[in-house]
Amino acid sequence: MANVIVIGAQWGDEGKGKITDLLSRSADVVVRSQGGVNAGHTVVVEGQTFKLHLIPSGILYPDTECIIGSGTVIDPSVLLKEMAQLHALNVTTDNLYISQTAHVTMPYHRLLDQASEEKRGKYKIGTTGRGIGPTYADKSERIGIRVIDLINTENLRQKLEWTINYKNVILEKLYNLPPLDAKTVIEEYLEYAEILRPHVVDSSLKIYEAIRKRKNILFEGAQGTLLDLDHGTYPYVTSSNPIAGGACVGSGIGPTVIDRVIGVAKAYTTRVGEGPFPTELEGEIEQLLCDRGAEFGTTTGRRRRCGWFDAVIGRYAVRINGLDCLAITKLDVLDTLEEIKVCVAYQLDGQTCRHLPSSAGEFARCQPIYRTMPGWQQPTSDCRSLEDLPKQALDYLKFLGAIMEVPIAIISLGASRDQTIIVEDPIHGPKRALLDENGSPWDNHEF
């Protein structure tokens, strides 16, 4: 039995969907614990591409129970579209369960999200405009609509009438936007409620019962560590906690039941939207990474910013999440490069900085200090074992594992399930030992 968390170790878009899909083969339950339709997972199976935003990647396995947890925010219109798309591909959603305490994204959330971002002007943060932030804000303000409210039709009308009138004042007076028609919104969401009702459960209890039965549970993260509301590169972050601790809170389970935490990172770095990005590239190499890596967002279609692997933020992700091992994705994207760089530290105001600054202003002033390594300049997408990889690719991976101080358990060399090398058992492998008092090579400045 193992309870495993899969976490993004960068700014999201690391390939968690594929890794979760791979691990779902041995999972009895897959749980999505936070975020909403601002996240996108792409899974390719036998030539078919599945793009999911809310539904856990484990849905492709009919015997795997998939739970959308209480820490998520659910847009029913998007969720129903995803379910319909899966049905069209002969994928059942009978194994999908929705937490009754998850919050619901409403039309006014989307409008407020987009209007607020536009009003920020040059201070915009790069929101997806899907209403995620305003939904979480209502949750904190304790005026949100939860799934349990959605399916309680008697109380839903009363709650929504008050809330829509309240939001209409903001839309009209602050943003000069037309008001929403409360009756239209209420009728729309009552229809959603009837369709989703059979899937609604007490998710915390359902997960707890699975733990008691010693089932294998996989907790699927959305976004990435550097987008965490508390521990990310604030204010250019999401509105939830996509770290290992957030998976426990958003699922309603205690941290002591977690056996392993797996971090997913690209062999380079990408970021969507605004915010500092020390290793960001421009020119020919950046274009190559974007083209070969198909770096366009699943949710928004926005072009991702591309740069070299940043071991400073990687080490930060190891620390914040307590990572036990890594899955490195898109190694094949680097196949044609003559040389590859890894950021091992920053130069900040004339001083060497080996840890992530908390200040966005300081982070924006960080200049990368690189270690340059030779490229392998041969294709790796057909490699299926470490022995198949070019020596330079192996050296690169060994360096990443050494500087991050966690073993690399999975190497992904393409979007398909079979384009993968399993180095060690990512689920039942050993727990990562804490460092001894002599510190690490990183602390001793050996890199």
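Glycine residues also receive a Cβ, built from the backbone N, Cα and C atoms like all the rest.
Keep in mind the model is a prediction, meaning the values are calculated, not measured.
The feature active site, proton acceptor is assigned by Swiss-Prot to ASP13. Here Swiss-Prot flags HIS41 as active site, proton donor. Annotation comment: Swiss-Prot describes 12-18, 40-42, ARG304, 330-332, 412-414 as GTP binding site, evidence class sequence analysis. Residues or ranges marked as IMP binding site by Swiss-Prot: ASP13, GLU14, GLY15, LYS16, ASN38, ALA39, GLY40, HIS41, THR128, ARG142, GLN223, THR238, ARG302. Residues or ranges marked as Mg(2+) binding site by Swiss-Prot on the basis of sequence analysis: ASP13, GLY40. Taken from Swiss-Prot, the feature substrate binding site covers THR298, THR299, THR300, GLY301, ARG302, ARG303, ARG304.
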Binding-site residues near LYS18 (GTP binding site) (Cα-Cα within 10 Å), from GLY40, THR128, GLN223, GLY301, ARG302, ARG304
none
Could you tell me which of these recorded positions, HIS41, ARG302, ARG303, ARG304, has the greatest number of Cβ atoms within 10 Å of its own Cβ?
HIS41
Would you find the one among the binding-site residues ASN38, GLN223 whose Cβ has the most company, meaning other Cβ atoms within 10 Å?
GLN223
Maximum Cα-Cα separation in Å among residues ASP13, GLU14, GLY15, LYS16, ASN38, ALA39, GLY40, HIS41, THR128, ARG142, GLN223, THR238, ARG302, which the record lists as binding IMP:
34
With the cut-off set at 10 Å between Cβ atoms, which of these binding-site residues ends up with the most neighbours? Options: THR42, THR128.
THR128
Taking every protein chain shown into account, which of the binding-site residues GLY12, GLY15, GLY40, GLY301 has the largest tally of Cβ atoms within 10 Å of its Cβ?
GLY12
Near GLY12 (GTP binding site), meaning Cα within 10 Å, which of ASN38, THR128, GLN223, GLY301, ARG302, ARG303 (binding-site residues)?
GLN223
Under 8 Å between C-beta atoms and at least six apart in sequence, can you list the same-chain neighbours of LEU331 (GTP binding site), or say none if there are none?
ALA267, THR380, ALA393, LEU397, ILE411, SER412, LEU413
Work out how many Å separate THR128 (IMP binding site) and GLY301 (substrate binding site) at their Cα atoms, rounded off.
10
Just to be sure I understand: of GLY40, GLN223, GLY301, ARG304, which binding-site residues have a C-alpha no more than 10 angstroms from the C-alpha of ASP13 (active site, proton acceptor)?
GLY40, GLN223, ARG304
